[in-house]
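Let me begin by presenting the structure, written as structure tokens, before commenting on it.
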Amino acid sequence: MLLIPISSSSSSSISPPPNSYPSNHHSLFFSNLTFPIQHGSRKLKTLRLRANFWESIRSGFVKNNNSTQLVEPPSIVNDEEEETEPLLPVEFTLVERNLEDGLVEEIIFSSGGEIDVYDLQGLCDKVGWPRRPLVKLAAALKNSYMVATLHSVMKSSSDSDSSEGGDGEKQQEKKLIGMARATSDHAFNATIWDVLVDPEYQGQGLGKALVEKLVRALLQRDIGNISLFADSQVVDFYQNLGFEADPEGIKGMFWYPK
């Protein structure tokens, strides 16, 4: 399963079938230590992000007499120091713009909620991905640690004016235009998959915003090791977002039937 990153300087890229991995496929790891985040319900320390890549992975293990034992790492924060500040909003408006005919379009980012698999399949069709069984798509979404989406919501300007006055806001159309998801062990590591943006909305920086918001949400949950896979032509795109190829000589590897 490959990624389709979209940025203002990149065109649509099409991934090969999910069961094929070309030789120009790269593993990237998030390593930008200055990436801005808002702290969530726990106080995060920068030591974990400054550690070598494998140090945080090995932090919960210790070797003793040729055996590996699981040990409990020290708590990163005392109970009395815990913050109650909430995590990033589950849903917020990323872009709002006025269109012709008195319409207003909002691009809404969400790090939660459900996705209609038929909408996702339609989005995959638009970017040229091969179709995958709907049952497997639903299972992939269900088993993901986090699913981030971009929706376009179209409404009339009169609806916006009435909502400001306290009346109910009537949404005329809501369309899935972007998605990215992450799998995780819920403690140390996360991998980002399936980054895609509707071709009609490419070239506007929405893919960059989608990845940045997803990374922030993962960091807020104290997930420090974030990786993804990218085709060679979009490695620079992810490196500009703080990802690093082959940190400390570590390479991602794949197994697939001959």
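We number each residue from 1, going along the chain as drawn.
Placement of Cβ uses the backbone N, Cα and C atoms for every residue, glycine included.
What you see is a predicted model, and the numbers here were worked out from it, not measured in a lab.
Features reported for this protein in Swiss-Prot:
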type	residues	note
TRANSIT	1-58	transit peptide
DOMAIN	107-258	domain 'N-acetyltransferase'
REGION	107-194	region 'Interaction with begomoviruses NSP protein'
BINDING	VAL195, LEU196, VAL197, GLY203, GLN204, GLY205, LEU206, GLY207, LYS208, ASP231, SER232, GLN233, TYR238	acetyl-CoA binding site
ACT_SITE	TYR238	active site, proton donor
Other than its own, how many Cβ atoms are within 10 Å of the Cβ belonging to TYR238 (acetyl-CoA binding site)?
25
Secondary structure content of the region 'Interaction with begomoviruses NSP protein' (107-194), with strand meaning DSSP E or B:
28 helix, 33 strand, 27 coil
Measure from the Cβ of LEU206 (acetyl-CoA binding site) and count the other Cβ atoms within 10 Å, all protein chains considered.
22
Ranked by the number of other Cβ atoms within 10 Å of their own Cβ, which of the binding-site residues GLN204, SER232 ranks first?
GLN204
Report, as a single number, how many Cβ atoms besides its own are within 10 Å of the Cβ of VAL195 (acetyl-CoA binding site).
24
Around LYS208 (acetyl-CoA binding site), how many other C-beta atoms are within 10 angstroms of its C-beta?
20
GLN204 (acetyl-CoA binding site) - helix vs strand vs coil (DSSP):
coil
